[in-house]
Every structure is written in C-alpha cells, then in structure tokens.
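*Asks:* Straight from TrEMBL, here's the annotation block:
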DISULFID  Cys491-Cys501  disulfide bond
DISULFID  Cys516-Cys525  disulfide bond
DOMAIN    487-526  domain 'EGF-like'
Amino acid sequence: MTEDHVRLRLGQFLASKRRRVGAQPQPFGNIELLISSDLLDARLVSEQFSQSPQKLAFYSWYGSTRLFRFRVPPDTVLLRWLLQASQGSGPSCTNVEITVYFRYGAPPVINPLGTSFPDNTSVQPSFLVKMLHGNTSINISHPAPGDWFVAAHLPPSSQKIEVKGFIPTCAYVFQPDMLVVRVVEVSILEPDVPLPQTLLHHPSYLKIFVPEYTQELRLELQGCASNGSLGCPVRLTVGSATLPGNFRKVLTCTGPTQDCRLLLPSPPWGRWLQVTAKSLAGPLVSVAFTAVAALTACRPWSVSFQHLLQNSANQSRNASTGLLPLSPSYQELDRSSGAGDSPFCLRNYPVPREDLDVVSVRFRPLDQVSVQSDMPSVLRLYLNTGMDSGGSLIISLQVNKTAIANNTLVVVCVTAASPFLSFNDSLNCTTAFFQGYPLSLSASSRKTTLVIPYPETDNWYLSLQLVCPESPKECEQALVPVETTLYLVPCLNDCGPYGQCLLLRTHSYLYAGCSCKAGWRGWSCTDNSTAQTVAQQKVATLLLTLSNLLFLAPITVSVHRSHLVEASVYAYTMFFSTFYHACDQPGEAVLCILNYDTLQYCDFLGSGVSIWVTILCMARLKAALKYGSIQRGGLEP
C-alpha cells in the first residue's frame, strides 16, 4: 500500500463520516496522524466496519442498553473506535451524558444503578467512557481477534409514568464505527528454529502457533546488536489486548547483554500468538537479533472408559476408608510418567457438551472427577461457538464428608484459553494472559459455587489438585472424588420470583437479561434494598384501585341533574383508571384485563376528557355548542 493510497482511502472514510453526522474535522485529527507513522508501512492495510445507528434509552435494566457486536480480524495491530452521538433539535432535548462500555469476547457486565450481585458471582470492572453528543475516538493497540462488544445507554431513568404520545420526547442516536489496521505480511516463528530479524524504521511483526498441551513458552532474542555494538534496545510485545483486563506482556531489553528472554506459563492453546519487536535505538539505527521460540510440552493422561470402570470398582470396595488409596490405573500412570522426555502433566477428563436450548448448555463429565496431589485434573468446557457468551456459567463443586480429611485441601482454578497447571509452584490461578477464578474445597467447606455472567467466547478449563499444606506426604497416596455441576443458563435461577428472564437480540446474536419488579433490583433480581413485601403490594394495589370509587359522587350528581354524557365520561374514567392501576403494579398483586398499553391510553384519555367535560358543564354553554365541543375535545385530547 502506497502513501497516496493510504491518504485516499482514509480521506474518503473521514469525508463520509463528516457528511453523515455533520461534524467538524477536528475530532478525527488523530487518525490523520497515522498516515505519517504506521500506515505508511507497506505491510499494513486499513479496513472499516460500520453498523446502523440505534436510538438510545434511559437505563432501567440491561434491556435498556443498545448492544453492538463487531468482529476484529486476525493480525490487527491497531483498533480505533469512532463513536458518534447525536440528539434531536426540539425544546425537550438537553445535553445528556452517554455511557459507552467495551468488552472482548462477551457483552459487558454493567451496574449503573450500583446494585448488588448474587452470591458467588464474580464480576470484573467494566471499561467505559462517557461522552456528550458529538464524536469521540478510542484507540486499542494489538487487539485480540474475535468478537468485540460495545454497549451504550443514557443515564438511569426517572421512573416517572408518562403516556406514549402525550409528552414530547427527545431522540438520542448512537453509532459506533470500527477502523482497524492489520498486518498482511507476518513472519512465522517456528519452535526451535532461529529467525533472524533487523529493525530500522518499522517494527517487526511475528507470530507463533501454540498447540494444545503446551506447558510453557519461552521467547528469546539472541545475538542482539545495535549498529554492530553489543546491547539489545528492543521492546518485545507479546499477546493481544483485551478489555476490561489487559494481560499483554511487554519486555524491554535495554541491558548490555546480547540475550533477552521471556517465559510464559500456560499460554493460550490452539491459536496464534502475536509478537511485535520494536527498536528503541532511534529511527536511523539498525538493530539485528535472532528470535527463538521454545515450547515445553507435556503429555495428557485421558481418563478412558476402562479407567473409569476400574476407578468405580475401587471406590466401591474402599468407600469407608476416607481418603481413597491409589487405584491400579493411577499407579501405572505414576510409573509411566517418570519414563521418557514427555511426562504426564495433567489428567484430562472428557466433558461432553449437551445443548438444551438457546444459551442453555449442560456439561456432564463421564464420571466423578478424582483429584490427586501429583498433577492437576482438568476439565474442558467448550464455550467457543460464539453464541454461548450471552448467558451465565455456573460451576458447582462438592465433596463428601468422608472423602476429605481435615488437613487436606482441594484447590480449584477456572480459566479461559488454557488451564492453570502450576499448583506445585503457586496458587495465584494466573495463566500467561488470563487471571483465573480461584476456588477451594475442604472438610469445613465441602461445597463451592462460582457464577460467571456473560463468559468470554473461548474454551474454559477447570483445574483441580489436592494440596496438604501441613504434611505434603499425606497427599501422596490420597484420592478425593469431586462431584461437579456445570451449566450454562440464560439467567441465574430464572431471575427468581420477582424477575423475568428475557431473551434479547442484536442482529443474529442472542443474550439474556433479567427484568425485575416489586422494587427488586440487581443482575438477577436479588437486591431487595428497595423491595416491597407482599402485604405492601396488596395494600398499595387496594388503595390505588379503591380510590377511584370517589368518582361515584360526580356520577351520582350528574345523573341526578340529567347530565348523562358527563356521567358516562366519569364512569368510563373510573372503570379504566381502576383496572389500569391494578395492572400497573410491579409485584404479585396484579390484575390485567387488557393489554397494558391499551389500559394506560384509556386511563389518560378518560382523565383528559373528564376535565374537559367538567369545564364545559361549568361554562353553561348551549347544548349544541357544548356537545360539539365535547366531541372535538375527545377526538383531540
């Protein structure tokens, strides 16, 4: 790509944006700076992606947000979000702050109302920006390829009751566009194959494929020299950026030595890993080095049907022994793992995936998971279809009281992309680019549960290992069976008795959210800080409905004085006001004889016409003029 082509494509893109939103050139000034830097590299191309604008709503629950889904292509080195917000020009339009959230792999988990989440729910802080109408841009270097989600909403709603069409409203429209710069020429770094590189004006883009069952990845720069002198002024960036968390590794090699290395335990399995090397020696100084990658692989031991049968027989014979002795299959495993250069690193338990419904999956291991101290037991949960990130992942683990001793501990780590395998070295539950969710089981806490709302699209791993902190020798021959309950559900507990689980959609992507009632709030309608009791709900409904009996007085007076039209209007208003308020209750004391919107419109219409006929009756107009005005007022409330 030449400089003229870059200027032409970028200029056309910016011009189209300015024509569409009527914006001034200033907000896009930073994009044009890219022309003088990375975009002049012939290995880079730019692409743009856009979605149709959506009208924003004031926030009351997750369905009030407007969700956008983008797919970032592989080998992207720069991602720029162009956020455009506009508002109407009516007198009711004021400057309103718009909140925009970003997340990789799944919709963002947000909490604008500051409510509490259900117990055992793990939520990461959301990455967000706030803006008024106009244009705003967000840059992300080396973004992870795959699904990216953008969610936007207006401030929390005032919860005022307003009839549709009677009060003028202001339209706030939001549209995100995505501009990506990706590499079309990337050097492949093969394991144990030196790759010479020379840096001058532009960085060097590399990538290495990490196969499954990779325990460790070592990246090393050898023979580094700057203009013939020793030293390695190179910044090495490994991995891709994700939001809200960013675990990219940056290694700065500025020492006098010629070698510089980076160790990555449990790198993401079955995918390409981006590596960018950039010179720190200045634009006119060349830096030469040789990149070398080394993979440490381990051999998984898969639990077969034969092993399952042997384990079941042994567990039946030794159920009364507390900590079960090692089964013959595990003894064979220990003997074989010491031979050869590829020892076993984990026990792999097959977990079939059973699709139940939309955003509803059950994972059922073929047998109880047996946990030991020599190596972790690993379960893989396939949540990589692209349609699994709109629900909640529920992981529940339990051990029997007789199966675990007082001085033993089953440590658990839940991660995405690759399992945590370093229980013998650390219990931090962190892989190369992911901070996992630690759990534990003991004699005093025999059950644990983890709820992950909107899990990232990826393969998820459950790693378990037995630990004896006080006496490690007691764990050598111990085996603890763990019962697992693994589900992906649209909503936790179906949003409870005071919520409704609703399936939401943006284009072809489906996700679920809870709509709460009766003052209950929160992600799963479990926050009762403003909740009403059932008695309070019944009292409120009775007071609202019975208050309409006051209309009996004007109805009686109107009939007595032969104002039959006025009496009919008052009776109409009393009827629809009674049943509208009976249907408008958020809790259990609800009665709806018609559609809610129909009842609401009839109630507001009757209220307006009642006031109008009362004024006309007090004016003592002639009959023809009065009834004509009543009809006109009813048609044009």
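Glycine is treated like the rest: Cβ placed from N, Cα and C.
Bear in mind that the values here come from a model prediction, so they are computed numbers and not experimental data.
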*Asks:* What residues elsewhere in the chain lie close to the domain 'EGF-like' (487-526), defined as a C-beta under 8 angstroms and at least 6 residues from its ends?
*Replies:* 61-63, 66-69, 107, 109, 111, 113, 115-118, 121, 358-363, 383, 387-394, 451, 453-455, 532, 537, 586-588
*Asks:* What's the most sparsely packed of the disulfide-bonded residues Cys501, Cys516, counting other C-beta atoms within 10 A?
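*Replies:* Each of the disulfide-bonded residues Cys501, Cys516 was scored; lowest Cβ tally within 10 Å is Cys501.
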*Asks:* Which whole-number value in Å describes the distance between the Cα atoms of Cys491 (disulfide bond) and Cys525 (disulfide bond)?
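*Replies:* That separation, Cα to Cα, works out to 10 Å.
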*Asks:* In whole Å, how far does the CA atom of Cys525 (disulfide bond) lie from that of Cys501 (disulfide bond)?
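*Replies:* Cys525 (disulfide bond) and Cys501 (disulfide bond) have their Cα atoms 10 Å apart.
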*Asks:* In whole Å, how far does the CA atom of Cys501 (disulfide bond) lie from that of Cys516 (disulfide bond)?
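*Replies:* Cys501 (disulfide bond) and Cys516 (disulfide bond) have their Cα atoms 9 Å apart.
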*Asks:* What does DSSP give as the helix, strand and coil breakdown of the domain 'EGF-like' (487-526)?
*Replies:* 4 helix, 20 strand, 16 coil
*Asks:* Most Cβ neighbours within 10 Å: which of the disulfide-bonded residues Cys491, Cys525 is it?
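*Replies:* When each Cβ's neighbours within 10 Å are tallied, Cys525 tops the list.
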